[in-house]
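**Q** Have a look at this one.
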Amino acid sequence: MFYLIGLLSVIFFALAINVISKSIKLNKSLAANENTGEALDSSNNANAYGMIIFWALGTIAGVWSFMVAKPDFLPIAASEHGLRTDSMFWISMAVVTFAFFATNTLLLFFAFKYRYNKDRKATFYPVNHKLELIWTVIPAIVMAILVFTGWRTWRDITSQAPSDAVVIEITGHQFGWYVRYAGVDDNQLGNYNYKLIDETNNIGIDFTDKHSFDDFTATELHLPKGKPVLLKIHAQDVLHSVYLPFHRVKMDAVPGMPTKFWFTPNMSTDEMRAKLGKKDFNYKLNCTEICGRGHFGMAITVFVDEPEDYAKWCAEQKPFLATNPTYLAKVPDNLKAKASKYIPAEPVAVDSAAAPAAEAVSVN
Amino acid sequence: MSTATSHAEEVHTHAHDHEHEHHELNFWTKYVFSTDHKTIAKQYLISGIIWAFIGGSLSIIFRLQLGFPEMQLDWLRPILGEWIDEGGKLDKEFYLALVTMHGTIMVFFVLTAGLSGTFSNFLIPLQIGARDMASGFINMLSYWFFFLSSAIMFSSLFIETGPASGGWVIYPPLSALPQAMPGSGLGMTLWLTAMTFFIVSSLMGGINYICTVINLRTRGMTFTKMPLTIWSFFFTAILGLLSFPVLLSAALLLIFDRSFGTSFYLSEIYIQGQALPNMGGSPILYQHLFWFLGHPEVYIVLLPALGMTSEIIATNSRKPIFGYRAMIGSMMGITVLAFIVWAHHMFVTGMNPFLGSVFMFLTLIIAVPSAVKAFNYITTLWKGNLIFTPAMLFSIGLVSLFISGGVTGIILGNSALDINLHDTYFVVAHFHLVMGAASFFGLMAGVYHWFPKMFGRMMNKTLGYIHFWFTFVGVYMVFFPMHYIGIAGFPRRYYSFTAVGNDGAAAFTDMNAFISIAAIITFTAQAIFAWNFFYSIFKGKKAPQNPWNSTTLEWTTPVNPGHGNWEGEIPAVYRWPYDYSKPGSDVDFIPQNVPFSATKSSNLPEEDAEIAKEKDIDGLLGAQNESYNR
């Protein structure tokens, strides 16, 4: 509603200018030649005043709209690097807002002040090297500072993930995300191959790799709070892009080229819920690279858990092999024994070999 | 028999007297397959205006969806047919098609062909003092290739599977695999075909512009006496000549991948229950090739607008442009840097982060020449005597939009900050202001300023003012709030924001509606321009020879210049194009063709020395005429 009022006021403003310039035209002697400049004064002044009115209304509208929108923009950063980029964002924003405001003010103010006056002659002022040097050097220095701080942050964000990072694989497809965890036993993701994809094994987990046996998949993303997380990102069909708005994480998912992004979530879902006062709040993972019809709906829910909750959740998950024992057939013979321990015992089987395996699963 | 002979003789002598204007043109050779640069320019302009209305109306349709997601759009069914689904909603794939075609049309067909095509063609010969382009025939071909391209692109809007829908950047694999979305079928084939012809057209145009500027300048028109418009067209043509072929190669490889089973961009793809055999390609390769054109394209769109604005601001401030050489230098800097910043569009594509650092440094360097230009414009206004013609208003608007859109580039060019803002509405707001709206304002400024030269009539000033204020206020109302939506992390090319979650969409419902209303008003206001433009062509007030009291050569031609531009000799040039309000002169402008020997009272000390060179300049007349008779 506020916006509509703002909009209407601007429309009336434009109409007012219209009326002013029209009446000027009527009042002025029609005989005046457009070319002499004599007829210019009134409509010219109206446009000059338009510039200064635009400046005034624009400033008010800019500040006011900023205040109105502020609670809703730039969500609270929920990752360690996010805090850094946010403070840099606001510093850069302050610098550019200053430049934006100062230059636009000068532009519109000069336009107003130096409007045509037939008694005045423009100043012939073609060049001033000193002035030009100043305003080449100052932006260059400001840029250099911004670039340098930006580069340091970028270098840290894109550095090698710590070796203890929790590795999670996320695979984009039309239109959703598959999440695979490295499993609680070896904490290593097994290989995958797009040619192994079928309706059940929709990531294409390669069961000739022993690291795959304890891997489990999920339809939501769980992250431990305060621990570095390394996302290994794939795409199956077209480009997608992993976007965690609260965590300031974005990285494209590219078919045929694995990408990665590591970060440290620093606020659990519960803490964020408390902070925002929204009980049903949930982090989301969205897609930000156009991927087709369902692009806009390609989201999954993200939970940031306290480390112990995270460990508990992981332990509750069943390895893919456990839920889909038929894939044991794909395991090479020399690894069958290792893989079998993830296969739940048949209810009828009571032999001693199966019992520990079943136990292991239940503990897991 | 005898009458026929005498008639022929008469025609012969007649043609001899005015050898550059009358070639017994019929309707087809005069208005359709014309080789006259002025006619070709008008063809480009009118095509560009038509495309602008098409491109704009597409954006209005998707703004309805974004601003009013609940709205029943059944009333659009007569136009859009099946693209409005049974529930009265816009089809989700067609939404993407709208976004894609809006971008394609606006970037290439309006702001490249409509802007550069129009004004490079129109102004280069007129302002450098040439009878026509270096090759009128290639120039004509250039337009007709553009027309062919337009026809193909336009036809793609009407096919059953819809036009290309993968975004104007048409990233593979989405654009390479017809099974990924319907728009990647025939629509994409047509897109690629159309763009191929478009590139051919723009290369023909660009070669012509470069040759003409280098070879056909009138006597005395040294490079340092060229108006900034010509400098900007020259740099633009160089940018296009070097970067468009790269887009062509990107498109060709994509065509191979689509139709001939190659794997330049495809690898390890599993789609629709099928694993494709393609291995070893890289979608990132396409992105590099695309943006190698894509980024210079920004300046292809922007530089002509900046050049024309320099001219218009100087003329209507009655003041020389401040820092003429700095303006050339900054354009040259932008031209060079434009080629080495492309990967700032790719910070989060998985490209090596070290490469990201390099491109961040290079990108932020390009802000310096851009800032210099903005400061120079502002200083040109300082202590001027400003006449607010519609062209001047649009030029001031351009400077404002160029700054407002440019400053956010400093944020987006910072790779660490780009992580969060990439592909959000912040980017949309940024480039629409800095290249979309700013260039559009340049286009409008150019039309208002050179309309009298194009059609021999004046456009209505009052309508021009109204058009300006609606557009200027409107553009800010559309794109300023969009930054907020972007900072909030709303991704672009989203049909709706339902999946953003946590009432995120609700927070900006009002603002999205506001933007849509502002867009509709701004778009509607363009009708004022269309009316003014077409009405004035036929019924506008007759133009005087030099309506803006400008110094450049185009205003020394007759009000309605014929083929060949000048009836007698082409004027010589003795001075730079910005002698406005020169101290000691009793007129406030001294045209470029006035020798220093005629203005002794206003000459600067170093200019008195130029008088001696006038003889040399005049002595070149014979050689110049000779060159046209070869």
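Heads up, the Cβ atoms here are built off N, Cα and C, so glycines get one too.
Dumping what TrEMBL says about this protein:
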type     : residues  : note
DOMAIN   : B:22-574  : domain 'Cytochrome oxidase subunit I profile'
TRANSMEM : B:44-66   : transmembrane segment
TRANSMEM : B:94-124  : transmembrane segment
TRANSMEM : B:136-159 : transmembrane segment
TRANSMEM : B:190-216 : transmembrane segment
TRANSMEM : B:228-256 : transmembrane segment
TRANSMEM : B:289-310 : transmembrane segment
TRANSMEM : B:322-342 : transmembrane segment
TRANSMEM : B:354-375 : transmembrane segment
TRANSMEM : B:387-412 : transmembrane segment
TRANSMEM : B:424-451 : transmembrane segment
TRANSMEM : B:463-485 : transmembrane segment
TRANSMEM : B:513-535 : transmembrane segment
REGION   : B:597-630 : region 'Disordered'
**Q** Using DSSP, how many residues of the region 'Disordered' (B:597-630) fall into helix, strand and coil, respectively?
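**A** Counting residues by DSSP class gives 26 helix, 0 strand, 8 coil.
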**Q** So which residues does the transmembrane segment (B:289-310) touch in its own chain, when a touch means Cβ under 8 Å and the partner is 6 or more beyond its ends?
**A** 107, 111-112, 115-116, 119-120, 123, 169-171, 227-233, 235-236, 239-240, 242-244, 246-247, 249-250, 253, 321, 327, 331, 334-335, 338-339, 341-346, 373, 377, 395, 398-399, 402, 431, 434-435, 438-439, 441-443, 445-446, 449
**Q** If you count every Cβ pair below 8 Å, which range out of B:136-159, B:354-375, B:463-485 shares the most with the transmembrane segment (B:322-342)?
**A** B:354-375
**Q** Might you confirm whether the transmembrane segment (B:94-124) is in contact with the transmembrane segment (B:387-412), defined here as three or more C-beta pairs under 8 A between residues 6 or more apart in sequence?
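**A** Counting Cβ pairs under 8 Å, fewer than 3, so no.
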**Q** Using a Cβ distance cut-off of under 8 Å, indicate which of B:136-159, B:228-256, B:424-451, B:463-485, B:513-535 has the most pairs with the transmembrane segment (B:94-124).
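**A** Maximum Cβ contact count belongs to B:424-451.
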**Q** Given the transmembrane segment (B:513-535), which of the listed stretches B:44-66, B:136-159, B:190-216, B:424-451, B:463-485 has the most Cβ pairs that are under 8 Å apart from it?
**A** B:463-485
**Q** If you count every Cβ pair below 8 Å, which range out of B:44-66, B:136-159, B:190-216, B:354-375, B:463-485 shares the most with the transmembrane segment (B:424-451)?
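**A** Answer is B:463-485, with the largest number of Cβ pairs below 8 Å.
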**Q** What else in the chain is close to the transmembrane segment (B:44-66), if you only count residues 6 or more beyond its ends and a Cβ gap under 8 Å?
**A** 73, 76, 80, 89-90, 95, 98-99, 101-102, 105-106, 109-110, 113-115, 117-118, 121-122, 143, 146-147, 150, 154, 440, 443, 447, 454, 495-496, 512, 515-516, 519-520, 523, 526, 530, 533
**Q** Pop the mean pLDDT for the domain 'Cytochrome oxidase subunit I profile' (B:22-574) in here, whole number is fine.
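**A** Looking only at the domain 'Cytochrome oxidase subunit I profile' (B:22-574), pLDDT averages out to 94.
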**Q** Report, as numbers and ranges, which residues of the same chain sit near the transmembrane segment (B:190-216): CB under 8 Å and 6 or more residues beyond its ends.
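**A** That would be 104, 108-109, 112-113, 116-117, 120-121, 124-125, 128, 130-131, 133-135, 138-139, 141-143, 145-146, 148-150, 152-153, 155-156, 159, 163-164, 170, 226, 230, 233-234, 236-238, 240-241, 244-245, 247-248, 251, 254-255, 258, 627.
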